[in-house]
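Now, the feature entries from TrEMBL:
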- 36-54: transmembrane segment (TRANSMEM)
- 39-521: domain 'Major facilitator superfamily (MFS) profile' (DOMAIN)
- 97-116: transmembrane segment (TRANSMEM)
- 128-151: transmembrane segment (TRANSMEM)
- 157-182: transmembrane segment (TRANSMEM)
- 194-217: transmembrane segment (TRANSMEM)
- 223-245: transmembrane segment (TRANSMEM)
- 290-315: transmembrane segment (TRANSMEM)
- 327-347: transmembrane segment (TRANSMEM)
- 355-390: region 'Disordered' (REGION)
- 367-387: compositional bias 'Low complexity' (COMPBIAS)
- 417-444: transmembrane segment (TRANSMEM)
- 464-485: transmembrane segment (TRANSMEM)
- 497-516: transmembrane segment (TRANSMEM)
Amino acid sequence: MSKLQTASEETPLLSADQASFTNASFDYAKKKASPWHVIIALFGLTFSFGALYAPMIQFYTVIFCYKYYQQQSGDSGADIPLDNCAIPEVQAIVSEAQAIIMFLTYASTLLVASYYGALSDRKGRRLIMMISTLGSLIQIAMFVITIKYIHIFGISLLFIAPIIKGFMAGDTVAIAAVQAYISDCTTRAERTIAFGNMMATIFLGTTIGPTVASFLLNKTKSINSIFYMVFIIHVVIGLYFWLVMPESNDISQHKEIKQQGKQSFLQRINIFSALQILHRRSSSEHASQYALPLMAGVQFLVYIVTMPPSLLYAMLQFKWTAYEGGLYFSLCSFTRVVIMLTVLPLLSKIFHRNKATPSPSPPTSPKPSTTINAAEPASPSSSTSSAIVDTRSKEDIRHAITFDSWMIRTGLTIETVCFVAFGLVTTSIGFSITGATQSLALLAAPSIRSLLTSLVGPTEIGELLGAMAVLEACGMIISQLTINTIYSASVATMPNLIFFVCAIISGLALIFSFFVHPSKPLETTNDDSLIHEDY
């Protein structure tokens, strides 16, 4: 019952339990599972997201423009030119509707995220991805029905669809399942490369998708063609999840996990309990006081300004359609790919070229291994991957924190300046150049995640990422309820006001980032000059 197993740092999560704990069918699937199985499908999902981004703005505009003129004239049969929809009154309605739809999506996802996380451990990652794909198919079908039969169904399906999508493992849960799948079938040494491939695939999909959608829309002159294309892609992906992609998670080991103590009902429904770590770990040995809560605040503010109504504004000011919007989205995604693959690695190499101290030689003693009791599973907050030993000196850790903090400040500075520029530019070309330049703000994203995880213990990283997921959902909900509401209220008199509001929020995050810095070095003996931590 207390049989012990030993896991080294090269042991994949997929094979944490030995053959005696797995059946023959899982052994077969285990040999086939690879990060590329899910990365291939991820390209289809991000391609679809990119293809739908601009058409969805036009879709909402057409639907609510139709309702607006119907209420004004009482005529429900006339076709309305899109140019007649680019007026402040329609923009205000669309902005408010988007806020409600996004709120329904993220709120419903937030309520079931923890349930689907546990379900993926019990039943496997593929099940979550299949449920999410089915939810997307239902949502797309409802959109098509709405635009074709609006005189019958009205706009009710627009608000029912996001609720169904959220409860059926929304996009946030689906991406988490993808990350879990990759972690299951890679060693720690392989995992960084695998996640890098995942991020490159996301940006590649969002670069190609809008371009293809724009040209398809230009040829067909119908938004429905984009919905049909995305629907077919999701059907293919769903069949791929069901019939082709192997399961990565050994669900047989969960029989042991079920024996652990159960949470109370109040604990299970308290979605904010994950935030306790921000208070518990408010201090860090290597960073300034309250660095973790401050960085969480920075991340939260960044989430709020993630999706400003840029395309709505461009449709109003520059008379853009989904065609121009798709090209703009592709341009921004492409510049992000370039920055991620060239600028960020170059800056990192230059900064770390003269690091504080030379790399210490690895210890001569054997690496400590993590023992896993099969009858007593690790807590959810602890990683199931094995430990590695970090032998960096304290000065090197502070050096890394300095790099991350300045990358965050640089990215947030660019973000703030570009928001101001968005509000000041008066041409379509200037707006596009500003959007491409704003992609440089991506420099802050990996450093925020890196700095956050360096401020907690190795067994608390999972708990921290759970807290970040809650902050993301809450930030996106608040974003839709505030940013879109402000745009709706000001679009008739000062439509560019929203960009200055976003600049203020981003500037506040920038101010917070200046309070996060390496702690002052203390005089220590040589024996204490190295940090030995398990990750």
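For all residues, glycine too, the Cβ spot is worked out from N, Cα and C.
Heads up, TrEMBL stuff is auto-annotated, nobody curated it.
Sequence-distant contacts of the transmembrane segment (290-315) (same chain, six or more residues past either end, CB-CB distance under 8 Å): 53-54, 57-58, 61, 86, 91, 94-95, 98, 102, 277-279, 281-284, 321, 324-325, 328-329, 408, 412, 415, 419, 422, 428, 431, 435, 444, 448, 451-452, 455-456, 467-468, 471-472, 474-476, 478-480, 482-484, 487, 495-496, 498-499, 502, 505-506, 508-509, 512-513, 515-516. Taking pairs at least six residues apart, the transmembrane segment (36-54) and the transmembrane segment (327-347) share three or more Cβ pairs below 8 Å and count as touching. The average pLDDT computed over the domain 'Major facilitator superfamily (MFS) profile' (39-521) stands at 79.
Against the transmembrane segment (157-182), the recorded stretches 97-116, 194-217, 223-245, 327-347 differ in Cβ pairs under 8 Å, and the greatest number is found for 97-116. Long-range neighbours of the transmembrane segment (497-516) within the same chain, counting only residues 6 or more positions beyond its ends whose Cβ lies under 8 Å from a Cβ of the stretch, are 287-288, 290-291, 294-295, 297-298, 301-302, 304-305, 308-309, 313, 405, 408-409, 412-413, 415-417, 419-420, 422-423, 451, 483, 486-487, 490. Beyond its flanks by at least six residues, the transmembrane segment (97-116) meets 60, 64, 128, 131, 155, 158-159, 162-163, 165-167, 169-173, 176-177, 268, 271, 307, 309, 312, 469-470, 473-474, 476-477, 479-481, 483-485, 488 of its own chain at Cβ-Cβ distances under 8 Å. The largest share of C-beta pairs under 8 angstroms with the transmembrane segment (327-347) comes from 194-217, of the ranges 128-151, 194-217, 223-245, 417-444. Packing against the transmembrane segment (417-444) from elsewhere in the chain are residues 302, 305, 308, 310, 313-314, 317-318, 320, 324, 328, 331-332, 335-336, 339-340, 343-344, 347, 407-411, 496-500, 502-503, 506: each is 6 or more residues past its ends and has a CB under 8 Å from a CB in it.
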